[in-house]
């Protein structure tokens, strides 16, 4: 079944994004993905505008297109669900959802330079619930994301999340990326046997596919990293943009209480 999942992941559709005008998106996400090209972010001059680059569909993947996995439907929204990795206050009325790809250079930049300030200001003070979700565009993204979720707890997830992004330039461009990820796994306490088992865990893969399918329907989503504050997408991933959106949501929440 995993081969079919890999096939479907390479056939993600960004060009067919929803033309709906609502900023808050809620839909049912299925593992059945319409054939098309996937997209990831590309470098730009100001480090705050997302662009996309189509993923390559290899001949080996193309040969598997006819294979169909069992269809299971996940309900994905911009609210917290049982499959989410959450930092901060899970009971907060302010939910920030970050979409990233393990192979995305902008995502690595964000996490090394912007996220620490955001964490100190809003997460450590329990002002928000911060959800990190993956956008899967390549096999490398899939395998790295599975490693990060392998143990299933937020501490392990964030540990691998940090290592994977810091060492992105080493494993993501290597033909031996699986071996390198296996080595990274051992650094974080995941044995090669455990990682192999997680790679065959349909539930993890299904969650990643569902999250990916969901975000492609967001009207303004064009790549990673992308951020949504209570379902409303921020202008970019600068600290000023994200902070402004969070502060606005906090103020609106206070006003509702006052009423």
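Placed from the backbone N, Cα and C atoms, the Cβ positions cover glycine too.
The compositional bias 'Low complexity' feature in Swiss-Prot is assigned to 43-54. Feature annotation from Swiss-Prot assigns disulfide bond to 104-107. Per Swiss-Prot, domain 'Thioredoxin' is recorded for 47-251. The feature region 'Disordered' is assigned by Swiss-Prot to 25-54. Here Swiss-Prot flags 1-20 as signal peptide, drawing on sequence analysis.
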Self-check item: The one of 104, 107 whose CB sees the fewest other CB atoms within 10 Å, among these disulfide-bonded residues
Solution: 104
Quiz prompt | Three-state secondary structure, residue 107 (disulfide bond) (per DSSP) | solution = helix
